[in-house]
Amino acid sequence: MPNMSLKKNPMPSQEPGVRNKNFKEVALGYTAETAVDEAQRCLHCKNKPCIGGCPVKIHIPDFIAKVAAGEFEEAYQIIQQTSSLPAVCGRVCPQETQCESKCVRGIKGEPVAIGRLERFVADWHNAHSCDLPLKAEANGHKVAVVGSGPAGLTCAGDLAKRGYDVTVFEALHLAGGVLVYGIPEFRLPKSIVEKEIDNLKALGVKVETNMVIGRVLSVDELMDEYGFESVFIGSGAGLPRFMNIPGENLKSVYSANEFLTRVNLMKAYKEDSRTPVLHAKKVAVVGGGNVAMDAARCAKRLGAEEVYIVYRRGEHELPARAEEVEHAKEEGIIFKFLTNPTEILEGEGGMVRGMTCVEMELGEPDASGRRRPVEKPDSAFTIECDCVIMAIGTSPNPLIKNTTHGLETQKWGGIITDEHGLTSREGVYAGGDAVTGAATVILAMGAGKTAAEAIDEYIRGKQN
Amino acid sequence: MYKIIEKRELNPTVTLMVVDAPLVAKKAEPGQFIILRVDEEGERIPLTVADFDRERGTVTIIFQIVGGTTERLNHLNEGEYIHDFVGPLGEPSHVDGLKKVAVIGGGVGCAIAYPVAKKLHQQGAEVHSVVGFRNKDLVILEKEFSAVSDVLKMMTDDGSYGEKGLVTDALKALIEAGNAYDEVIAIGPVVMMKFVSLLTKQYGIKTVVSMNPIMIDGTGMCGCCRLTVAGKTKFACVDGPDFDGHEVDYDEILKRASTYKEFEKREREAACNLFKKADGLQN
């Protein structure tokens with residue numbers, strides 16, 4: 001008999017007033033009992049629309065049936081067939097627009113908490129299972145993956161499961177891409193990411209850190225000299241944008257990438273960290289995406305008394321996930337909507353003392369269909385702050401484009417591919433933010449998966 | 001992990017290390033830099049490639065002990081390992097086609113100026129080197145510079161070695177003596193590069209400077225190393241580190257460089273105390 005409760009089992013989490021002072025994970029995860037109970041809400045409907053909403057097509061009702069039966073390791077094995085990073089996805093996917101948006105239970109009441117169940121299963125496996133995964137039989141073909149973010153790791157995992165000899169090249173000293181330098185510890189503990197990467201290594205994936213492809217080695221060298229038959233480029237969109245307003249190069253102005261890299265990758269939030277970060281008292285974060293929310297919540301945890309999100313459109317237009325906005329508000333982040341900075345003001349010793357902004361109103365929809373913000377005349381005012389974080393987006397790093405012969409890109413730097421991820425170069429595939437510009441973790445994973453299939457087909461095709 | 005093959009003290013605060021890093025050595029060019037982390041908890045710091053040996057697969061770095069990380073780095077010995085060593089990063093110096101060049105090095109900046117002077121010499125250019133130090137004890141790379149320079153001017157602030165005066169004094173004298181340089185390449189403290197650029201601007205001589213702002217990743221993903229050149233924001237790690245000396249906003253760079261001064265002071269003290277304690281235990 002299914003559990004007919006209209007509501008999801010709630011996710012236990014740290015109290016807002018407690019968690020905004022530490023970097024421990026906010027959401028605490030289901031217990032075995034709540035997981036089994038929640039799993040019993042799944043109706044196992046015939047057409048399984050939830051699967052259609054998942055970019056990596058996890059067999060959702062099948063794994064949920066195993067959870068309902070208390071067979072958690074079996075549930076993990078089912079997820080693992082199609083997803084390489086379930087502990088990550090269960091945490092950071094926007095399930096409300098993906099799998100859960102298609103759930104039949106969501107028509108009347110709340111959908112089944114697929115993401116929370118996926119997270120529970122992956123955490124359970126990582127805590128309890130000592131079994132090494134079965135390595136696929138080697139097929140003798142070598143593939144290189146450039147970048148160890150969600151796209152690259154997914155592509156690498158899928159290819160390793162098909163028997164390929166896969167090497168992932170990462171520019172930084174730690175693998176994970178945005179999962180380690182971007183998304184903060186309190187949303188995605190770094191030990192979880194490390195464990196997922198260890199799982200991939202156990203499948204046979206090799207990870208080479210400190211390898212800046214385009215400088216140390218080029219894509220052409222990987223193919224011509226090192227014998228990689230195919231290369232997947234998942235180098236992301238890490239180049240920060242600035243607004244080009246006066247005062248942007250003052251001392252306490254950060255790009256969100258710099259601020260988050262210091263805090264997350266270099267662990268500058270720890271007392272004894274050797275990497276410094278400014279602990280400002282009043283912080284203005286410019287932007288309205290998930291990155292802006294992450295930066296604001298980190299600044300609060302570093303001890304800021306006031307943290308503002310400054311966004312030029314209105315609350316409805318915020319690109320961040322609703323849940324992240326909700327969490328930010330609970331933690332005391334102040335939202336300044338329809339506000340656009342025009343100048344950052346210099347204080348003592350080259351630090352920031354404030355930011356001049358103008359009020360905006362929404363005009364006609366622009367080419368992207370969003371209403372264009374227009375400046376209100378004579379509306380300038382100053383926000384007092386001692387630190388500004390620019391979180392207005394990123395674009396693809398030009399390093400690979402500039403050093404790979406014949407690789408076609410869009411004007412704004414995105415690599416041009418067909419629907420299978422094939423670039424203008426034979427054997428070279430690309431996916432994730434390097435192709436689309438800054439998007440989401442799960443879209444990058446979907447692109448990594450699609451490219452892995454195409455690479456497999458391409459290499460098999462060559463043999464015939 | 002990257003093995004330290006050789007370690008040599010060049011003066012009381014400047015150390016040379018030859019590091020086993022074949023892939024970096026294979027591609028490195030003068031003007032480029034590496035990023036290293038001393039150990040697993042370490043911060044990432046940029047250091048310029050002072051020399052390289054493609055056959056041996058080694059890269060030479062020269063660093064001044066100025067803070068916690070360089071203090072820790074200096075405590076590693078031959079046979080020990082540097083945890084991370086990434087590179088080569090940045091754009092190589094453009095020296096092709098130059099026939100007569102003045103290379104100006106200040107202090108530990110000479111470690112960066114030397115490979116540039118060497119490359120110029122190898123391609124047959126006439127190289128006039130002007131190197132400056134605070135005093136005699138701090139002089140480094142004199143022999144190396146002398147081997148690749150047609151003219152070498154050694155300057156010390158207090159006159160304890162070579163001529164007394166600043167590098168700009170010597171450069172001015174060389175220019176006034178009728179030397180027509182295709183380019184002046186200046187590498188050293190920001191203030192020195194600023195005054196060299198002010199001087200050469202008067203004579204209309206193209207001047208290239210090598211910038212050393214704060215960096216983290218060194219691959220263009222954070223903008224920490226940004227500076228203003230000809231009114232535009234540039235990232236030193238990918239657009240540089242070399243820039244047109246007449247276009248750089250030096251005052252902004254000086255300000256940005258002091259962002260973590262307090263933290264750095266504490267870090268250095270912490271590192272020194274740590275080593276004092278360790279030494280105490282050994283004795």
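Backbone N, Cα and C atoms are what each Cβ position is placed from, and that goes for glycine too.
As recorded in TrEMBL, the features of this protein are as follows:
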BINDING   B:Ile62, B:Phe63, B:Gln64  FAD binding site
BINDING   B:Cys222, B:Cys225, B:Cys237  [2Fe-2S] cluster binding site
DOMAIN    B:1-95  domain 'FAD-binding FR-type'
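Within the set of binding-site residues (B:Ile62, B:Cys222, B:Cys225, B:Cys237), the lowest number of other Cβ atoms found within 10 Å of a Cβ is recorded at B:Ile62.
Here the binding-site residues are B:Ile62, B:Phe63, B:Gln64, B:Cys222, B:Cys225, B:Cys237, and the ones sitting under 8 angstroms from chain A, going by CB atoms, are B:Cys222. On its own chain, B:Gln64 (FAD binding site) has B:Thr13, B:Val14, B:Thr70, B:Gly107, B:Val108 as residues at least 6 apart in sequence with a Cβ closer than 8 Å to its own Cβ. For the recorded FAD site, residues B:Ile62, B:Phe63, B:Gln64 set the reference point as the centre of their Cβ atoms, and the other residues of that chain within 8 Å of it by Cβ are B:Leu10, B:Val14, B:Thr15, B:Leu16, B:Leu47, B:Ile61, B:Ile65, B:Thr70, B:Val108, B:Ala111. Taking the Cα of B:Ile62 (FAD binding site) as the reference point, the closest of the binding-site residues B:Cys222, B:Cys225, B:Cys237 is B:Cys237.
For the domain 'FAD-binding FR-type' (B:1-95), DSSP puts the residue distribution at 13 helix, 46 strand, 36 coil. Long-range Cβ contacts of B:Phe63 (FAD binding site) within its own chain (separation 6+, distance under 8 Å): B:Val14, B:Thr15, B:Met17, B:Leu47, B:Thr70, B:Leu73, B:Asn74, B:Val108, B:Ala111. Along the domain 'FAD-binding FR-type' (B:1-95), the predicted structure has mean pLDDT 95.
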